[in-house]
Every structure is written in C-alpha cells, then in structure tokens.
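Student: Below you'll find the structure I mean.
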C-alpha cells in the first residue's frame, strides 16, 4: 500500500476547492506532498514564493501536509520524493479530457506512477483559481472562495 501522494498544481491562489481535495486525500494517505508548480508557461498573479507561503498557511492545521515547490517534470519530482501516486481534482467534464491526457503522459514516462482523480464537494465544484483572480482584479470579495487562513494575505 502507498502511504504518500503528491497533489501538484499552480495554486494561483489556493482555493477552497483545492483545500477540499487536500483534506479528503489526507483520509487516504499518511502524507500528502502539495507540490506548487513553477510553470514558466503560465503567467501567474502571485510569485512562486507567495503561492508556497499561502499554501503553507492554508494547510497549517493539517499535520499530514508538506508543501514544496518544483520546476521539473512532475514524474521526475515524484521519483525524487519516492512517490507513486499523483492526486488531481476534477471539477467538470472539461477538466477530464486534459487530466486524462496528463495522466497517460505521466504513465508513459513512468509506468509505476498512477493518478487518482478526486471530485470536489458540490459547494466547491465551481471554484477555480481563475475565477478568484478575475474577482480579485476588480477588488471583489473572494472570502467565500479561499481558505480563511489566507484572506488577509490577498
């Protein structure tokens, strides 16, 4: 049995949807490595350092969580951490096609690595970092979309 898993993402910023997936993954594994991606292809609102800081604050009450950044292939990071399970969230059918392709791509790079897909709870299904960023651009209230621990930081 696997005792740890990686939950990768840009987390720009972390949302209640992300936190929901993390909390439920904690019920399945002894340790979850939340891997904050330094993706050069994405223009982020928050720096890598800030995203790591926000994730650490948002998950500080969860003892099974370790937050790290990475800037390599996810499969290489998983090997480095001796982790065979990747966790991904699926909000809608539109997420499924992309996530399935990525899961297969990762599997083709390392046949030992499996991807587990979790759906967020219904109340979090519409939340995305993109929605949060759009609201933030117009100084809107995002307090119901993000973890309480980071409200003051945004």
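Just so you know, glycine gets a Cβ as well, placed from its N, Cα and C.
Residues or ranges marked as ATP binding site by Swiss-Prot on the basis of sequence analysis: 10, 11, 18, 89, 90, 91, 99, 124, 125, 126, 127, 128, 129, 130. Sequence annotations record features per position, and here Swiss-Prot assigns substrate binding site to 10, 42, 74, 88 based on sequence analysis. Residues or ranges marked as site 'Transition state stabilizer' by Swiss-Prot on the basis of sequence analysis: 18.
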Student: Looking at the binding-site residues 10, 90, 99, 125, 127, 129, which ones sit with their CA no more than 10 Å from the CA of residue 42 (substrate binding site)?
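Tutor: Checking each Cα against residue 42 (substrate binding site), the hits are 10.
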Student: In sequence order, which residues at least six apart in the same chain have a CB under 8 Å from the CB of residue 99 (ATP binding site)?
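Tutor: Expected: 88, 90, 115, 117.
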Student: Rounded to a whole number, what is the top Cα to Cα distance in Å among the residues the record ties to substrate, namely 10, 42, 74, 88?
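Tutor: Maximum Cα-Cα distance: 18 Å.
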Student: Express the distance between the Cα positions of residue 127 (ATP binding site) and residue 74 (substrate binding site) as a whole number of Å.
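Tutor: So the alpha carbons of residue 127 (ATP binding site) and residue 74 (substrate binding site) sit roughly 24 Å from each other.
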Student: If one measures from the C-alpha of residue 10 (ATP binding site) to the C-alpha of residue 74 (substrate binding site), what distance in angstrom results, rounded to a whole number?
Tutor: 12
Student: Provide the three-state secondary structure of residue 10 (ATP binding site) computed with DSSP.
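Tutor: Reduced to three states, the DSSP call for residue 10 (ATP binding site) is coil.
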Student: On a C-alpha basis, identify the one among 18, 125, 129 that is nearest to residue 74 (substrate binding site); the candidates are the binding-site residues.
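Tutor: Of the binding-site residues 18, 125, 129, 18 has its Cα closest to that of residue 74 (substrate binding site).
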Student: Taking 10 A as the limit, how many CB atoms besides its own sit near the CB of residue 18 (ATP binding site)?
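Tutor: Other Cβ atoms found within 10 Å: 25.
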Student: Compile a sequence-ordered list of residues in the same chain as residue 125 (ATP binding site), six or more apart from it, whose Cβ lies below 8 A from its Cβ; state 'none' when nothing qualifies.
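Tutor: Expected: 17, 91, 92, 119.
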Student: Among the binding-site residues 42, 88, which residue has the largest number of other Cβ atoms within 10 Å of its own Cβ?
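Tutor: Result of the Cβ crowding comparison: 88.
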Student: Where does residue 88 (substrate binding site) sit in DSSP terms: helix, strand, or coil?
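Tutor: Its secondary structure by DSSP: strand.
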Student: What same-chain residues, at least 6 away in sequence, bring their CB to under 8 Å of the CB of residue 129 (ATP binding site)?
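Tutor: When sequence neighbours closer than 6 are ignored, residue 129 (ATP binding site) has 10, 11, 12, 13, 14, 15 within Cβ distance under 8 Å.
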